[in-house]
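S.K.: So that we are looking at the same thing, I have put the structure below in structure tokens.
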């Protein structure tokens, strides 16, 4: 049995250094963690409890919903609506802001989440995850409006993700570095196993969906072609290409051994300037990546500086090891 620092201990000790901390944030995070444990259990049991497969419904993104998309969204709501820490929630799976029911008190935070990132991988047993972000409510104790959620990523109080793989991990930042916790099922607690996570500045791995190559802009075409040319090309070294189709899995690999992840702007669907959701995926992951020493950009601007125009805005994403992201940025500026 692991006897290290639990997540609860870690957060309480961290809050002790913040003047005026009331414990609301710690309590909210504990509710999120309880939801993540519940989701982990549902994902791990999968077909045993009949939660695999797709439904005949689509989410606001126009994507066919998996059964687990709906189940995990409900888990996040039910575990976080009641305690009086939130003024509202927003989810990738819901068209509009989720208003806290009148029977519950309102708090000073907003919760934004993707309940099951990479859900297309569920039926084939590849790692999936949950992404979340905590913002301050502009008016504490008042029901949140859509406009309250449209804050740039620099305003995040906390961002994190859970990875449901060979073990369940929770990776978290509150703006003071990045730490990873592993769920010890014997004691039912997340235990600190990856303190002070840092992304190596250099890498020989890149992740991109190569089936979209014909739609990429020239800077990305150039970068990928040079990586593929390897030691015989202008980069003078060999690269490996990865693609899991799960942002949580991709970012976790980058946090542990370096790499660059790209879902760039393309011309496949001119109505969509990017594929990933700013509020539910790009902004939280960018906060984590930057806190771990990496960079995150659309190719044209820092993702954390973007103020969302709506709840489901999409953006291009290029993030990971600092030196490789700077190479791609240089090609965009050329």
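Each residue, glycine too, has its Cβ placed from N, Cα and C.
The following feature annotations were taken from Swiss-Prot:
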BINDING   92, 114, 116  Mg(2+) 1 binding site
BINDING   114, 117, 281  Mg(2+) 2 binding site
BINDING   117, 118, 119, 120, 209  substrate binding site
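Each of the listed features needs to be described in terms of its position in the shown structure.
M.R.: Within 10 Å of the C-beta of residue 92 (Mg(2+) 1 binding site) we count 23 further C-beta atoms, all protein chains included. The DSSP secondary structure for residue 92 (Mg(2+) 1 binding site) is coil.
For residue 114 (Mg(2+) 1 binding site), the count of additional Cβ atoms within 10 Å of its Cβ stands at 29 [all protein chains shown].
Long-range Cβ proximity for residue 117 (Mg(2+) 2 binding site), meaning a same-chain Cβ under 8 A and a gap of 6 or more residues, is found for 128, 129, 130, 131, 161, 246, 247, 248, 281.
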S.K.: These are the binding-site residues: 119, 209. Which one scores highest on other Cβ atoms within 10 Å?
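M.R.: Answer returned by the neighbour count: 119.
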S.K.: I'm trying to understand the geometry here, so how far is the Cα atom of residue 116 (Mg(2+) 1 binding site) from the Cα atom of residue 209 (substrate binding site), in Å to the nearest whole number?
M.R.: 20
S.K.: What's the CA to CA span in angstrom from residue 118 (substrate binding site) over to residue 92 (Mg(2+) 1 binding site)?
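M.R.: Here the two Cα atoms are 12 Å apart.
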S.K.: Taking the Cβ of residue 116 (Mg(2+) 1 binding site) as the centre, how many other Cβ atoms fall within a 10 Å radius?
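M.R.: By my count, 32.
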